[in-house]
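Positions annotated as active site, proton acceptor by TrEMBL: Lys164. Sequence annotations record features per position, and here TrEMBL assigns NADPH binding site to Trp13, Arg33, Lys81, Ser113, Arg228, Glu254. Residues or ranges marked as sn-glycerol 3-phosphate binding site by TrEMBL: Lys81, Gly109, Lys164, Asp217, Ser227, Arg228, Asn229. Summarising the annotation, TrEMBL assigns domain 'Glycerol-3-phosphate dehydrogenase NAD-dependent N-terminal' to 5-35, 38-133. Sequence annotations record features per position, and here TrEMBL assigns domain 'Glycerol-3-phosphate dehydrogenase NAD-dependent C-terminal' to 153-293.
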Amino acid sequence: MTKTIAILGAGAWGTTLANLARVNGHEVRLWSRQGDLSLEDVVKNAEIVLSAISMKGVQDVALLVKSCQVSPHTIFVTATKGLDAKTTRTPSQIWQTEFPDHSVVVLSGPNLSQEISQGLPAATVVASKNTAAAQVVQQIFSSGRFRVYTNSDPVGVELGGTLKNVMAIASGVCDGLHLGTNAKAALVTRGLTEIIRIGKVLGAKTETFYGLSGLGDLLATCNSPLSRNYQVGYQLASGKTLTEILASLPGTAEGVNTCQVLMQISQQQNITMPITEQVYRLLETQVTPKQALDELMLRDTKPEYHQ
Ligand SMILES: NC(=O)C1=CN([C@@H]2O[C@H](COP(=O)(O)OP(=O)(O)OC[C@H]3O[C@@H](n4cnc5c(N)ncnc54)[C@H](O)[C@@H]3O)[C@@H](O)[C@H]2O)C=CC1
Ligand SMILES: O=C(CO)COP(=O)(O)O
């Protein structure tokens with residue numbers, strides 16, 4: 001059945017998701033700050049409101065939507081991969097707080113938008129506490145080129161997509177320094193362990209991180225020059241400053257902000273995050289890429305815990 005869908009954020013990801021829904025015959029209205037359509041008109045009578053806004057704009061946009069007329073049956077979908085700098089909340093927690101009586105669905109997976117726009121095959125996950133709402137979103141986006149799975153752990157799915165961005169920066173550094181395949185395998189594997197350790201404290205289920213939105217997105221983003229986060233790390237390794245890199249980067253690299261938020265969480269909750277800490281110190285110019293590598297390699301010896 002044809003659905004009316006409001007997509008907020010007309011960047012790389014919002015535009016790609018809009019096209020996937022349009023190809024499946026849905027009526028899509030795309031909103032951005034610079035566009036001609038008013039937010040009020042875009043969300044009015046929309047059965048789905050999907051946000052693909054960068055993390056820094058999510059809270060403000062959620063409040064703007066709250067001031068509009070929204071149907072009581074509207075399902076909110078969030079596709080943002082980040083953490084709020086002030087409150088450390090995830091995007092789905094922000095939408096659910098502002099719309100406590102509505103279903104909220106997280107959409108996240110190994111989804112480099114450029115490949116999907118080219119028509120290359122990909123899979124993703126839609127997760128919600130409300131299974132029926134996740135199934136509605138699954139039907140909207142599923143096609144022969146985009147395979148959509150449901151999941152009942154929205155926070156786990158969301159954190160998989162968010163936390164891997166920090167590991168993608170680290171992987172870009174690893175490749176930029178030409179450290180080799182063994183080093184990259186060690187980094188990504190220990191990165192997953194670190195993601196699981198943080199994710200469990202933040203309320204995710206461990207097994208979710210072994211799925212598409214966890215390991216799947218970690219592999220995609222840590223291995224692709226199409227990832228903006230990977231590019232940040234790669235270019236830092238080549239000696240550019242963060243300011244120079246961000247000035248020429250096409251779109252948002254959420255891992256930079258996420259890394260800062262994770263450092264707050266690690267200090268508050270006493271969680272060991274060695275890779276995140278070295279990425280943070282590198283972004284803050286407290287260490288060089290080579291020093292960050294040495295710090296990680298020369299940590300105290302220990303057994304190989306997986307969590
Ligand atoms: N591009 C990709 O391959 C994928 C991106 N994502 C996630 O989707 C989100 C958006 O990514 P992209 O579309 O690539 O970024 P982008 O930089 O291309 O677009 C960001 C959009 O957010 C809007 N925005 C930013 N700050 C805003 C504010 N304060 N108020 C209102 N609107 C604001 C921008 O105007 C733009 O429309 C990020 O969280 C990213 O991690 C998720 C999966 C794939
Ligand atoms: O999340 C993504 C792929 O799943 C996109 O990665 P970047 O934001 O690093 O480009």
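Cβ coordinates come from backbone N, Cα and C, glycine included.
Just so it is clear, the model here is predicted, and its values are computed rather than measured.
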Among Trp13, Arg33, Ser113, please name the binding-site residues whose Cβ is nearer than 6 Å to ligand 2.
none
Which of these binding-site residues (Trp13, Lys81, Asp217, Arg228) have a C-beta closer than 6 Å to some atom of ligand 1?
Trp13, Lys81
Which whole number is the mean pLDDT over the domain 'Glycerol-3-phosphate dehydrogenase NAD-dependent N-terminal' (38-133)?
98
Per the record, NADPH is bound by Trp13, Arg33, Lys81, Ser113, Arg228, Glu254: how many Å separate the farthest pair of Cα atoms?
22
Residues of the parent chain within Cβ reach of the domain 'Glycerol-3-phosphate dehydrogenase NAD-dependent N-terminal' (5-35), under 8 Å, 6 or more residues beyond its termini
41-43, 46-54, 57, 61, 65, 79, 107, 111, 113-114, 116-117, 140-143, 146, 250-252
Would you count the other C-beta atoms found within 10 angstroms of the C-beta of Trp13 (NADPH binding site) for me?
24
Which residues does Ser227 (sn-glycerol 3-phosphate binding site) neighbour through Cβ under 8 Å, counting only same-chain ones at least six apart?
Leu112, Ala168, Gly172, Ala220, Thr221
